[in-house]
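Novice: Heads up, here are the entries from Swiss-Prot:
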- ARG23, GLU88, ARG127, LYS459: (6S)-5-formyl-5,6,7,8-tetrahydrofolate binding site (BINDING)
- 223-381: domain 'TrmE-type G' (DOMAIN)
- 233-238, 252-258, 277-280: GTP binding site (BINDING)
- ASN233, THR252, ILE254, THR257: K(+) binding site (BINDING)
- SER237, THR258: Mg(2+) binding site (BINDING)
Amino acid sequence: MKEFDTIAAISTAIGNSGISIIRVSGKEALSIVDKVFKGKSKKGIIEMNTYTMRYGNIVELSNGDIIDEVIVSFMKGPKSFTGENVVEVNCHGGMYPTKRVLEEIIRAGARLAEPGEFTKRAFLNGRLDLSQAEAVMDIINSKTELSMKSAVAQSEGVISREINKLRQRILEIIAHIEATVDYPEDDLEEVTAENVSKDLNDILKEIDELILSADEGKILREGLNTVIIGKPNVGKSSLLNLLLDEKRAIVTDIPGTTRDVIEEYINISGIPIKIVDTAGIRETEDVIEKMGVERSKEKMENADLIIFMIDSSKKIDAEDLEIIDYIKDKKYIVLLNKVDLKNREDKSKLDLLNKDNIIEFSVKEKVGLEKLKDTIENMFATGNLQHSNTMITNTRHKEALLRAREHCTTSLKALQDTLAIDLASIDIRNAWTALGEITGETLQEDLIDKIFKDFCLGK
């Protein structure tokens, strides 16, 4: 276990609540908290047994005045989250009492922790690897049961085990190549280009399977980026309110009411969906509305799914056709809204689009709502998304896998072109290094620091 100073931070969300928790971690955690803790039983906490609690008060270091009534728990390292001695102080919730307890612990000798520093120490002390550490934040940020289950599986080491198996197989290839090259006179089993190529192809298949899972995994982690588009007053904001089951967006008969994008999360069959209501797309001289239209177009560029709304009580015009031409090669659903009114649109103008993705809809009468949800589920909720724990959800992991794949492919080409196994071994080792970046074993320290700085304070 590495030696660090003792850190402290608030681990619960700031705000009024029944309880707040201040976490203290480090070699001196017990002795520091003992300076400001007065137990009801008149006992200090220096001799506390691990996994026990004490009831008492946190007092001012200077004069002994009571700050708050607390319960203190102790977990002795290395059998704690960080691998160090950890003390958690449970005080009354609320910004001021929590802040005062933390201030007094810092006065007693602790340092205010940096964002993610507790989890970083757990990683550096070998309590978890980097992919497991990242899963901690994924659990906190999960939006649905499916996304939480995926994050929990990663925190339990599902991805780590797959990566470690691949790295071990690559390491065995490297060891056999180096033994053959360095000790040709020894009576070793011959390693040929054909043998190595076969092993690498098997490894490539497994890497490809993990890469293929990444698109669905990204949806679980970050949400399905869904953009509602259409001309002004076709019902985009009304659709957002219907999906959220609340009045989140302002709805009026005045075109151009929505001038900026509105983003909210909804849950459809376990799929977290980040749904974006955009400004109506039309030619306008209004400067603010014009900016909103430009943002709408930017959101369309990065969307996983586009929901295009058409007012079916009006004829399809040039602006609609322009959007149809844009979305035809993307993932889309077309809602023919206002079917409760007289239908005037010419459906022949929709021939460029997949008829299975066109839904007759009425926000007002809730016609087509279930079909919309079913269509989204059929498009994105595959068997893997519903049942597979071994899924790549992190873009950083996908990029490392792509690098490993590239190195394996390059080494295979070298074997085919030259049959020289020693030349191929350089790229094979680079593939091993790339995979190690996922678990943190071969990642540079500055990149590790950057990852943990994105964590919340107190975690």
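Counting begins at 1 with the first residue displayed.
Cβ coordinates are placed from backbone N, Cα and C, and glycine is handled just like the others.
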Novice: Around the C-beta of LYS459 ((6S)-5-formyl-5,6,7,8-tetrahydrofolate binding site), how many further C-beta atoms are within 10 angstroms, looking at every protein chain?
Specialist: 20
Novice: Can you give me the Cα-Cα distance between LYS459 ((6S)-5-formyl-5,6,7,8-tetrahydrofolate binding site) and SER237 (Mg(2+) binding site) in Å, rounded to a whole number?
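Specialist: The separation of the Cα atoms works out to 37 Å.
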Novice: I'd like to know the mean pLDDT over the domain 'TrmE-type G' (223-381).
Specialist: 78
Novice: Taking only same-chain residues 6+ apart in sequence, whose CB is under 8 Å from that of ARG127 ((6S)-5-formyl-5,6,7,8-tetrahydrofolate binding site), what do you get?
Specialist: PRO78, PHE81, THR82, GLY83
Novice: I need the most crowded of these binding-site residues: ARG23, LYS236. Count other C-beta atoms within 10 angstroms of each C-beta and give me the top one.
Specialist: LYS236
Novice: Would you mind pulling the DSSP three-state label for LYS236 (GTP binding site)?
Specialist: helix
Novice: For the (6S)-5-formyl-5,6,7,8-tetrahydrofolate binding site, please report the maximum Cα-Cα distance among ARG23, GLU88, ARG127, LYS459 in Å.
Specialist: 18
Novice: Looking at the binding-site residues ASN233, LYS236, SER237, whose Cα is closest in space to that of ARG23 ((6S)-5-formyl-5,6,7,8-tetrahydrofolate binding site)?
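Specialist: Comparing Cα positions, the closest of these binding-site residues turns out to be SER237.
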